[in-house]
Every structure is written in C-alpha cells, then in structure tokens.
Amino acid sequence: REVVQLSCNLINPNFFDLNMKQLISKRTIDKLSKLKATQILSHFHSKSSIPTSSLPPSTSWTKCRFFQIHNTPVPKFVSWSGKIFIHTDTATDTAEEMVSETEDDATMNDFLSRFVWIMRGKLMEVYPDFGKKTIDEMLLVIVAKVVSELEKGGFDQIVGGKSSSPSQDDDFSHDLWKTVWEVSNVVLEDMEKAKRKDKMKNFLQAEQVKEMCRFAGEVGIRGDMLREYRFKWAREKMEESEFYHSLERFKEEEQQGTEYGIGVVEHQSRAEDPKLVALPKRRGKINYKIYGLDLSDSKWSQVADKIHEAEKIICPQEPKKIDGKCKIITEKLLSSQEQDDYSPLIAEWVQLLQPSRVDWINLLDRLNNRNPSLYLKIAEHVLGEESFQTNIRDYSKLVDAHARDNRLEDAERIIRKMSENGIVPDILTSTIMVHMYSKAGDLDRAKAAFESLRTQGFLPDMGVYNSMILAYVNAGDPKKGESLMKEMEVRDIKPSKKIYMALLRSFSQHGDANGAHRIATTMQFSGFQPTLESCMLLVEAFGKAGDPDQARQNFDYMIKLGHKPDDRCTATMIAAYEKNNLLDKALNLLIELEKDGFEPGVATYSVLVDWLSKMQLIDEAEQLLDKIAEQGEAPPFKVHISLCDMYARANVEKKALQALGVLEAKQEQLEPEDFERIIWSLIAGGFVQDAQKFQGLMEARGFTVSEQLQVTLMASQTFLRRRPSVR
C-alpha cells in the first residue's frame, strides 16, 4: 500500500495499472543490463572527459551491481559532428576495447552513484516517514526509467536541462522529470569539476610548471604570489593540452567519418588535395616580463648561474653520517685540550670520512659550541686542508674572532697567511682590520687599512669612519678626526652623538677652544641639543685657552638652558679663573652658587687646593684637605702633585718626600706637564737628586724634557744647595 500510495504521488495516472513487481522483474533487469556505457560516453566525449569522483554514494548503490555487462554483442555508438553512427561487430572484443569498456563502466557507475546519492536525499526530504526499503524501491523505479531513456538516446535532454518529459508516455509527472534533469545536470557538473581538478593536480606537478616556479623564486617571488602564478601557469598548460587534444579528436572524427562512407563526400574528399593545417608560427623573441622587468635579456642567464652558485653556499648539502671508528675519532677531537696534539686525530678523521666542506663546517660548529678556544686553533689548521675549499670569508671570520678578543698577534698571523696564499683582503677583512687597530690604539696600521679600503674602490661605512675618528682622538689629533666627520657629512652619513662628544672632549682637553666651539655648533645643527657635559667641555676648553670670560658665558648659558651646575662643572669654571689668577671672581661665583643651594665637592676642593698651593697658602690648603677627608674620600691623584709642589717649594721636606713617594708609585698616571711641574718644584726646593731621578722616569716613559728644564737642572747641580733624598 505504501508503494502504491507513493506511486500516486510520483507518476501520472496512466501508470497506475503497472505492477511494481514488473519494474524489478528479471525482464527489466535484463533490459537494463544490455545497456552499454558507450552510449553515455559518446556524449561525455562531446563535452569533456569525466573522471570517477570521491562523492560518498549510498552503500547499497555504490557499485550498481545489477548493471552486469553480458557477453552478447551490442551496437556501439560513435559520435561525430552531433550525429551518431551505429555498427555491429560479431567478433570478439580486443584487449584494448575491453580496457575501454572497463573505463566506460566505471564512468557509468560513477554517474549512477552520484545520481542515486543526491536523489536519495531529495526523496528523504519529501518523504521523511518512509523507511529505507521503500526509498530504495522508489530509487529503483526512477533509475530504471532514467536508464530506459538512456537506451532510447534521450540522454541529450538530461544534459540540456529540459524540464519536459522526454517520453511521450508521460510515465513521471512534470515535477519529477524536472527534478531528475536538474539532478543529472548537477551530477555532470560535479563530474566535470572533479575531472578538471584531477587534471589540474597533474599539471601542477608538470616539469615545465616546476621550472617556471623555480625561476620565479630565484627572482624574488615568494608566498601567495608564487602560489597564484603556479596555478595560473598550470591552468594555461592544461588549456593548451586540451586544445591540442581537441584538434586530435577532430582529426580522428574526420577519419572515422571517411571510413564509414558518408555518401559521395568520401570520394570527393579523397580526390581533393589535402590542406595543411598548422598553428601560426611565433615571430620575434620570447619576452618574459615580471613587474615590468624584462627577463629575456641574456644577462639574466648569468644572474641565474650566480644564484645557483650562491645556493650551494646558502643551502649546502647535508653532512655525511658519522659512525663507527670515525665517530670515536670525532669525540676525541671534541674533547681535546688546547695543549694536546690534535694533528694525528685530524689526519685519521680525514682518512676515514673523506670529508667535504659541509663535513668540515659541521665539525667546526660542534667544536665551537663545546670548546671555543680550541675551535680557533683547529679552524686555523683546517684552512690548509684542500677538501675544505678555503675562501676569503673563512679568513675574515678568524680575523674577526681574534680581533674581538684583542689578540692582535693571532689576527695578524691569519692576515699574513692570506697574503702568502695570494688572497687580497676584501672590504670585510679591511673593515675588521680598521676596527682592530683603532681599538688597539695603533693609528699607523689603522690608517693603512683605511687607505687600503679606498685603494680597492670601497667606500667606508659609518662603522669604519667611527673607528678611524676615535683612533685620531685617542692619538691626540682631533683635527684629522674632524676632517673625516666632514667627509661623512658630504656623503650624507650622519655622525652619532658619541663621535661628536669624543671630538668635543678631545678639543677641550687640548685647550683648542675654536675646535670645541665648531664641534658644539655642528652638533647643535645636526639636531643634538646641548647637554650638561657638552656645556662643561666648552667651559673647560675656553678655560684652558686662557679665556675665562667666554668660559663664564658658556657657564651662564648652561644655567639658562636649565642645567644645574654640579661639582665637576663648577670645578671646571674655578679652574678657568685659576689659570688667570682671578680669585675674587672665583669666590663670588662660589658665593652665588651656595645661595642657590650648591655645596662644593671633592672636585671643587681639589682645584682650590691646587690654587692655594701655588700661592703657598699651606694652612688654607690643609683646611681644604680636611674638608675632603670629611666627605669620606681620599684626595685625588692630582692633589698629591699640588701638595708635592707646595711642600717642596716651602722646604717641608718630610711632607714633600711623602707626597713624592705617592707620585713615584703611580708614575704611569703622570703626564709630561706633571713631570715638569714636579721637577721644577724639586729644583726650587733644593731636591736636586730627586729632580734628576724624576727626569730619568720621565725619559723612560718616552717623554721629552724641555730644553729650559734641562739647562736649569744642570745649573742646579752647581749653584743650588743639594738636599739628601730619602730612598
């Protein structure tokens, strides 16, 4: 009753008297089994090839087992120009035909499986109360009618999407036929998409597409853009392949039409001269353009070769696997000490492994992680190995490693090896040499390395300029450093604040007020605002140049900028007054600052002690020494020079020799002017032997004694009273 009630809804009244059992009888199944899949494939080939899809079908209809192909010869269909020609063949099918029929059966089964899967869902939506068995019988009725239409050649109506019934029997209702045709079109579209997707996968792995992707990667295309280009090239390749296949299929259809004899046209076509049909030839050169860049030039082939060579360095091969005895030797090498003789181990390791450059680098990396000090020695030994394929970058790495640890002798040894092997230092190695020698204070060698960069045509970078400027500053020649700074500005290289301050400090220490003022002005124009330290250096520069008024102007300008003078800055201003012996102005300055809450510190007291010692105000100077002691700090080294000068001139022998002992113990801190001041004070106090002793210490330091001091010292041995020296 359910089946009859369902049939009333699905089919027209003319179909009521048919028995459902008759639809699934043996006669119907035999009739369906005689259907050859070539009937549907003839249409598929007119559209495009359709593969088997992975759409999940119904479990009971997956293989469509009731469509069994009988051995009875059946007509075969051939499609040509929209017409179907039929011929029979009573002979046994060849193996090639059997394979073709197997593929056709798979395509037919795929179509029916997809059709049943979608149709089952639609039936279950309309009749949710029906059981699975009833739905299966309904599907059997629908599939039987669809296959029947395929037998009659009505499959074109399915593809065309006609909503009207193809049969004049009107077995199904108009709505049911419309649903059948819509589902059939959906199935064909899905099969077409699946086929193109599978073909696209093959063309994505095509060699030509891979080659184009590699080339695109070499010129800098990465990520999503490279992926889009790959799909584009694969799609173009697929369309090209389909075009040529369509030409071949068209040619085959023409040959088949001639073979079956289409009237008199066959004899006429044979009598006519054959026409040559070919694709148009390309003219001119092939142009490859990416982002407007013409890559068809021959120079890009050279670029590609260089890129391939660089890939060998950037993406090296994997090192060889180390096992057995070679592994034991490797562990011995890694656990060696600096004093051990590692040459036999390396020789045995080379004999066992036959290493390439990749294996050497792997060994050195492991050694660097475990024993960095031994790494440098073995790396230097490896430079002489032929299999290591030493290049200039290997030398520069070792030079840089030694330079970072201030091992100049080791670095110079590596540089000599480079020269012995005929390798000229490149820009990187020369840059490392400039940094190394400037850091070591070797100005001559730093200048030679710097000039080597220019000789080779390399333009120094900011780091090289900074090193050379600091080298000149440390050598006491800030003017040459200033010339390099101007060269940087011409090349639009902005010097750092560190460089400005180094030059300003050097000019200030040498008492070059004009140079300090130039640097401070240039620094301000470069966007660096005056700081407490820069203002203090200007005060110091003008003070040492003997211009206390300009020093005071800069001191007041510093206060105007909002910088509160500290103890060191105040001491610098007091020292400027001391140079011109302007004690009243110095005292007025201290009184003004104390009103604003300033309290003198060790630096200010030290300058005042020096000033009072020159004036031989011993009691006042000792009072200031007590104030330094009250602050819990020892007197600075410069204070002992002042005390020695004061006590020696005042003939206070005990305190003079006590201060002299402190100076002798720390003589490496004495400058040439300090030595001369001490010697002059000793001569003035009659300590001639001590004066001669300090003259010897001064000359041992490499300082030159002034001619006037030498004459005075020689005269003092004759005319002045000698004082015994305490040893």
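Residue positions begin at 1 at the first shown residue.
Using the three backbone atoms N, Cα and C, a Cβ is placed for every residue, glycine included.
Note: TrEMBL annotation is automatic and uncurated.
Per TrEMBL, the feature repeat 'PPR' maps to 391-425, 426-460, 461-495, 496-530, 531-565, 566-600, 601-635. Taken from TrEMBL, the feature domain 'PROP1-like PPR' covers 396-505.
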Counting only residues 6 or more past its boundaries, what in the same chain has a CB within less than 8 Å of a CB in the repeat 'PPR' (531-565)?
501, 504-505, 507-513, 515-517, 520, 523, 572-573, 575-577, 579-580, 582, 585, 593, 598
Could you count the residues of the repeat 'PPR' (461-495) that DSSP puts in helix, in strand and in coil?
26 helix, 0 strand, 9 coil
Per-state residue totals over the domain 'PROP1-like PPR' (396-505) - DSSP helix, strand, coil:
84 helix, 0 strand, 26 coil
The repeat 'PPR' (531-565): DSSP-derived helix, strand, coil residue counts:
26 helix, 0 strand, 9 coil
Work out, from DSSP, the number of helix, strand and coil residues along the repeat 'PPR' (566-600).
26 helix, 0 strand, 9 coil
Pop the mean pLDDT for the repeat 'PPR' (496-530) in here, whole number is fine.
92
